[in-house]
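Worksheet: the structure to be examined is printed underneath.
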Amino acid sequence: MANRGGFSSKLGFIMAAAGSAVGLGNIWKFPFEVGAGGGAAFLLMYLAFCFILCFPVMVTEIAIGRKTQLNPVGAFKALGYKRWSIIGKMGILSGVLILSFYNVVAGWAFGYFIEMVMGNFEVGGNFGEYITNVFKIGGYAVVFMATTAYIVSKGISAGIERASKILMPTLFFIIIGLVLYSFTLPNAFKGVQFYLVPDFSEINLEVVFNALGQAFFSLSLGMGALITYGSYVGKKDNIITSAAFITLADVGIAFLAGLMMFPFVAYLTEGTMEGAAQGPGLIFAVLPGVFQSLGPILGVIVGSTFFLLLSFAALTSTVSLLEVPVTYVVDEHQVKRSRAVWAVALTVFLVGLPSLLGNGAVEFFTSFVTYPSGETKTFMDLVENISSDTFLPLGGFLISVFAAYVWKKENLHEEISSGFDGFKTSLIRKFLDVTISYLCPIILGIIFILTVSQKFFGVSLIDELF
């Protein structure tokens, strides 16, 4: 087997895994989910779900990876359950599909960073036309994929770990700076109030499941990333504390993103907060106008810093998404890492071309499929619905079932105990037993069914049943 290397420190692993979790969704999706779901009421549910349901799945994935020291497919084979390697295969496929369109969106973010540096604030008003410029966006996507591949090609310690130790603190300081600046804007307090004051009248079953879905997806669960990163972790590292720090980092960045975004929205809307749930459209189409209103110098500084933040958030995720299939190729086919990296990166980029072309440039990929619900979707929409919305919750469901009823909890306990003396008699063990055995399979199974019925068939089972 090729030399796999590993993380040189626990901090390096936490930084890399936190980077995998922190992505574009933390910056644009989470704040607006909060805004549409009752403000702090949604936030409290999200926090509870992160630690009650997502944390146990994260611990399980890391434990499986560390136990086997293999990729998501090889891990299940090494444990003696070859048929269950379908979980790993589905996770790798999910990662490839997600990276294929994620790289395109990352190209948008990087492109906007360039536009802001040049003072081209008018780009926001031409967002729809901008993303149809295949050669420009394609060029940015190439740069982004090449940067990702270069980092991954350097290996775990010299590449991913070193980059994460630079990118994550930088990302944190940028977002803190933008939060502090956003507080100085007119009507900023109204934005903070909109974000943090709970409105329980907005809470319903759909909002509850949205909070759970957001928690699960934001932590990179179900796609094999944490099994992969776990395979590079030493036996002396405490999996429980590592998973706790990773979860806290992801939640913290998402929370700060809300504190940053809503004062900007309040400034833009003069305190009315209209359109606060627009998400990506608001960021790419509207925010450049906000930055322009700050003046030619301050606007360039704040605007370019904001989109640099988006680019960094995207890069920390694309690195982990690429590492998953690369580790599979290196482990299972004994291919040199450098060769595997560039071969996989090229393949993923080619898979993503229809997503690049499907935002108005080519009609075939723009109106690619019509669901039974009658809704027409782009190629990118279809890939996202299959990978993020379907495979990930299904993967999480299967992992929890596997750990509790196939591999057995006793084996999971044994692996977690390495690096955590006293785990078997601790309250956290009892907590993990209950969540992995009952809560996670039941609730993730429900999310999978609800998501498929809603996304593909336009049927809200919540409305039908309740």
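Backbone N, Cα and C define each Cβ position, glycine as well.
These figures come from a predicted structure and were not determined experimentally.
Annotated features in TrEMBL:
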TRANSMEM  12-28  transmembrane segment
TRANSMEM  40-59  transmembrane segment
TRANSMEM  92-114  transmembrane segment
TRANSMEM  134-153  transmembrane segment
TRANSMEM  165-183  transmembrane segment
TRANSMEM  203-227  transmembrane segment
TRANSMEM  239-265  transmembrane segment
TRANSMEM  297-319  transmembrane segment
TRANSMEM  340-362  transmembrane segment
TRANSMEM  390-407  transmembrane segment
TRANSMEM  431-452  transmembrane segment
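Most Cβ pairs under 8 Å to the transmembrane segment (134-153), among the stretches 12-28, 92-114, 165-183, 239-265, 297-319, belong to 92-114. By the Cβ criterion (distance under 8 Å, sequence gap of 6 or more), the transmembrane segment (431-452) is counted as touching the transmembrane segment (40-59), at least 3 such pairs being found. In this chain, the transmembrane segment (239-265) lies out of contact with the transmembrane segment (92-114); the count of Cβ pairs under 8 Å, excluding pairs fewer than 6 apart in sequence, is fewer than 3.
In this chain, the transmembrane segment (239-265) lies in contact with the transmembrane segment (203-227); the count of Cβ pairs under 8 Å, excluding pairs fewer than 6 apart in sequence, is at least 3. Taking every recorded stretch in 12-28, 40-59, 165-183, 340-362 and counting its Cβ pairs under 8 Å to the transmembrane segment (239-265), the highest total belongs to 12-28. Same-chain neighbours of the transmembrane segment (12-28): 62, 102, 105-106, 109, 157, 160-161, 164-165, 167-168, 171, 214, 217-220, 225-226, 229, 232-233, 237, 242, 245-247, 249-250, 253-254, 257, 261, 279-280, 282-283, 309-310, 313-314, 316-317, 319-321, counting only residues six or more beyond its ends whose CB sits under 8 Å from a CB of the stretch.
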